[in-house]
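Chemist: After the structure tokens below, expect a handful of questions from me.
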């Protein structure tokens, strides 16, 4: 095969784009930035991203998709007061919004029209921050080779958040106006106002810390789910199994945290060896059982009452 010979590319992410191919003859352009949907290979040629995302990539995308949903649910519960029916409908609407946003995002991503994406393999942390690796051959002129080496794991999250925001603004105000009549006018839309704050925060978080989150999200899930479960059980004064079973809402919260525990464990193990990793899921109920067995020694109700009295 005849390949056009040119000087080697400098920089970690600079590559040569294929300009012409005729049989065994390939002619490449000058060294520079790769087009969207491509990344450089070991020979510094831009190659299309044709691989399927790994399980870990899907788990990462699932984590980023869960963040706005969990925040929606938290603020809906926080501002809904005692109107459980209103909160339930808003929870369902938030789930519908995020689910539809995820489906639409997959449909508009390459290849368009199918619930499938093609991607480039994540090799190292620097793949997320190619803008930091633009070479300066003469220390004066910078060769700009910034592109999405982790295509589409970086930009697809922004697209998803945009669709979440649009669907929320289209659906939620009408729903809240219809069913949240028991709330004051200033309280009805507070969960929507909260979303207008946390969506920009999530966007900046992905823009700046996307690569760090990609490697750290399994541990973030485990730590946060453990902490929030302990806080919820202590705030609800759950000290035995009867306290846990007396309300359905408490069981829903418990099972939700168990799902998060399982999600984190699967993300860490990546289920490389199925027969070895699946038994780890038996650890999912352990934190709740440990709390119930040790609650009698710490007496959360006494601590809460003393805190309320200012002692």
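The backbone N, Cα and C atoms fix where each Cβ goes, and this holds for glycine too.
Automatic prediction, not curation, is the source of TrEMBL annotations.
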Chemist: Please find, within the list 4-24, 25-45, 88-108, the residue stretch that TrEMBL describes as transmembrane segment.
Modeler: 88-108
Chemist: Taking contact to mean three or more C-beta pairs under 8 angstroms, with sequence separation of 6 or more, is the transmembrane segment (219-238) in contact with the transmembrane segment (278-295)?
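Modeler: Touching, yes - the transmembrane segment (219-238) and the transmembrane segment (278-295) meet the threshold of 3 or more Cβ pairs under 8 Å.
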Chemist: State the residues, same chain only, that lie 6 or more residues beyond the ends of the transmembrane segment (192-213) and have a CB under 8 A from a CB inside it; answer 'none' if no residue qualifies.
Modeler: 60, 63-64, 67-68, 71-72, 75, 79, 125-129, 150, 153-154, 157-158, 161, 164-165, 168-169, 172-173, 176, 220
Chemist: Report, as numbers and ranges, which residues of the same chain sit near the transmembrane segment (250-266): CB under 8 Å and 6 or more residues beyond its ends.
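Modeler: Distant Cβ neighbours of the transmembrane segment (250-266) are 59, 62-63, 218-219, 221-222, 224-226, 228-229, 232, 236, 238, 243-244, 277, 280-281, 283-285, 287-288.
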